[in-house]
Amino acid sequence: MGERGFATDGGVGSTLGGDDDGDGTDDSPATDSDGGGASEFGGEDIVVGYPNADEPVVDGESIRVPPGEVTALVGPNGSGKSTLLKGLADQLSLDRGTVRVDGTEVHELGAKRLARKLGLLSQDNAAPNSITVEKLVAHGRYPHRGAFESLSDADRDAIDRAISMAGVDHLRDREVGSLSGGQQQLAWIAMALAQETDVLLLDEPTTFLDLRHQLQVMEIVERLRDESETTVVLVLHDIEQAAQYADHVVALEDGAICARGSPESVVTEGLLADVFGIDAAVTRTDHGPQVTPLRALGDGDGGNETGESDGAEE
Amino acid sequence: MTEEERASEDGDRSLADRTTPWRARETGAGGGLTGRLVRRFAWLDAPLFALILGSTAVVVVGGLVQVSMGSYEMTIGQAWAAVFNPNVLFDPQAWDAFLLGEAVPEMRTESLIVWNIRLPRVLVAVLVGMNLAVSGAIFQAVTRNELASPFILGVSSGAGLAILLTLVAFAGVTLVVPLVVTEITLGLSALLPVIAAIGGIAAFLLVYAIAWKNGTSPVRLVLAGVIVSTVFGSLQTAMFFFADNIGVVQSAIQWTTGSLTGVDWEQVRIAIPWTVFGLALAILSDRQLNVLLLGESTAKSLGMRVERARFGLSAVAVLLAAASIAVAGIVSFVGLIVPHVVRNVVGSDYRKLLIGCLFAGPALMVAADVGARLALRPTQIPVGIVTGLVGGPYFLYLMRRQENLGEI
């Protein structure tokens, strides 16, 4: 999708499905002829866990992500939301189940082709301190370049677009190590944007950021939805943020999906009590349901909304 | 919040910064071919250029000292005249002798000493310096640890053990290689360079096998390296215990500390093909190395097959280390310090780092060998002792100065 960029031009969208999909697995005519061009993405019957653990974290869940929209995975600490995301992103190998992008199973795509369709910004990012923001963003073009190719003009355009979309033009020549946590996160998001994937997965992109940077990150997510056909899936720590920005919310508890649907239907007092273990008041506002946490229920795990740090996180 | 408000809050964001496209900034006024050339060599910035110049100067001065001093005294002028003796420089027969191992043609004594004895030693130092520095730089990216060295994955212990086994246990064994018309009989010690390299590579593979469990991780690789090095180190010491004459022990020590004593064109011939091949692969892989630095999950989500890249790059690094072991033994600290020094000067971008290592490695090696050969004249000490003596204090200095030593 090198040329497509973030334009909403529907006509160009059709170029991405057709040309490099020439392998045998053509059992998805519906997605290829899909006029919108946004990518179908989802997983079926996913069983995924960590190599050293006996029990899988997520045991047999299916998830279908609405194309071109923003889907938020929410749940208390240890509910398996990040694990599910890593499974979807092919970072953790599935014990069972399939993940498909545009009807093709991710394993059949090959690493680089998958990385042109599916991007993931993980939580634990580390860059050398002396790398500049621009160089970091340029790494997002890795899957678009041959092994020994230098940056093409298309790559440079994509980098420019990503930098301006993430709002880090002014940081372009700064070294990543000299930036604040929030600015670093924006730089990393710019890198993921430069990858220009159809589907973008973000693992807790707003955690540990100050409010302003949280808003900046969520504004980028909104723009991705509004100005391009990117399908976004993100894990959010903050259920209120999910309610405000997501089109579709999926709630997990103990590795099982316990609710899914529009923010209004998922973020309810009942769900907050059952899943998050808190007594909260939910008021409907123009910006989606608003949550006012009142108190923690019982002494079960993961009930503390004030952000008590997580021991055995997913 | 509007664009302007955000701009004023961030302070240093100027309108020009936002509107100038980077192509224009990077290439200056000239577009087209010059623009592309400028872009292609954009990595050659001032610090790197200074490093290259400085290192080259050290190599030239060190080389000059090496060729002019020794038991056959000659002045620096004489030695220099011999180096640039056109009768040798432009004599194809002489180059056949040096590079292909044919008979050395007639030449003056000065020329013979300089070209046949002293210069190859400088050349081997240059090659070893390049190999070890680049090898160390690669391992530092693969393990994402600035304190990694070419020998971190057991290469040195494997090579050392192989050398001691050959010298002590199989000293009398000869190898008969049947050829069509005749057969050649080789003492195993004649094959010492090859055996050392093979031992190192075998240890590396063993380390990888130990570390493998649904894939590897930098930490597991380093731990497996420690395990193998510890066991092999003990076995080495045991072999010393069984050595029955002091000559064998001294020869083994020369190998395991690294020495350039007595090297000549044959060592140059052994090292050059592997060096050229390995260094070319390393420099072409700069982007892979840079992406590895971003961490495993990022590298993976960018479409890199991390496990394959890690093994491939490690193999290149081991190849380079093995080539240097084969000609100079196990020279410590060069592969650890040089990438470190270069990183402090040019930053962590691997294009610049590797190019810097190509120059700084030889500089350290040549300078250290001057010390090794001339410090206690007429006794020569193994060059590895000098690099260790220089390397230890350098790390002490770094430890005192830098808070978070070890992070790239």
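The backbone N, Cα and C atoms fix where each Cβ goes, and this holds for glycine too.
Taken from TrEMBL, the feature compositional bias 'Basic and acidic residues' applies to B:1-16.
Taken from TrEMBL, the feature region 'Disordered' applies to B:1-30.
Taken from TrEMBL, the feature transmembrane segment applies to B:46-65 (among others). Using a Cβ-Cβ cut-off under 8 Å and counting only residues 6 or more beyond its ends in the same chain, the transmembrane segment (B:46-65) has close neighbours at 76, 79-80, 119, 122, 126, 342, 345-347, 352, 355-356, 359-360, 362-363, 366-367, 369-370, 374.
What TrEMBL records for B:119-139 (among others) is transmembrane segment.
The transmembrane segment feature in TrEMBL is assigned to B:151-180 (among others).
Annotation source TrEMBL lists transmembrane segment at B:186-209 (among others).
The transmembrane segment feature in TrEMBL is assigned to B:221-243 (among others). Remote same-chain partners of the transmembrane segment (B:221-243), defined as residues 6 or more beyond its termini with a Cβ less than 8 Å from a stretch Cβ, comprise 142-143, 145, 148, 151-154, 156-158, 160-161, 164-165, 167-169, 203, 206-208, 210-211, 249, 252, 256.
Residues annotated as transmembrane segment in TrEMBL: B:311-341 (among others).
Feature annotation from TrEMBL assigns transmembrane segment to B:353-375 (among others).
As annotated by TrEMBL, transmembrane segment applies to B:381-399 (among others).
Long-range neighbours of the transmembrane segment (B:311-341) within the same chain, counting only residues 6 or more positions beyond its ends whose Cβ lies under 8 Å from a Cβ of the stretch, are 124-125, 127-129, 131-142, 146-151, 153, 155-156, 159-160, 163, 193-194, 196-198, 200-201, 204, 208, 254-260, 263, 267-268, 270-271, 274-275, 277-279, 281-282, 285, 288-289, 292, 353, 357, 360-361, 364-365, 368, 382-384, 387-388, 390-392, 394-395, 398.
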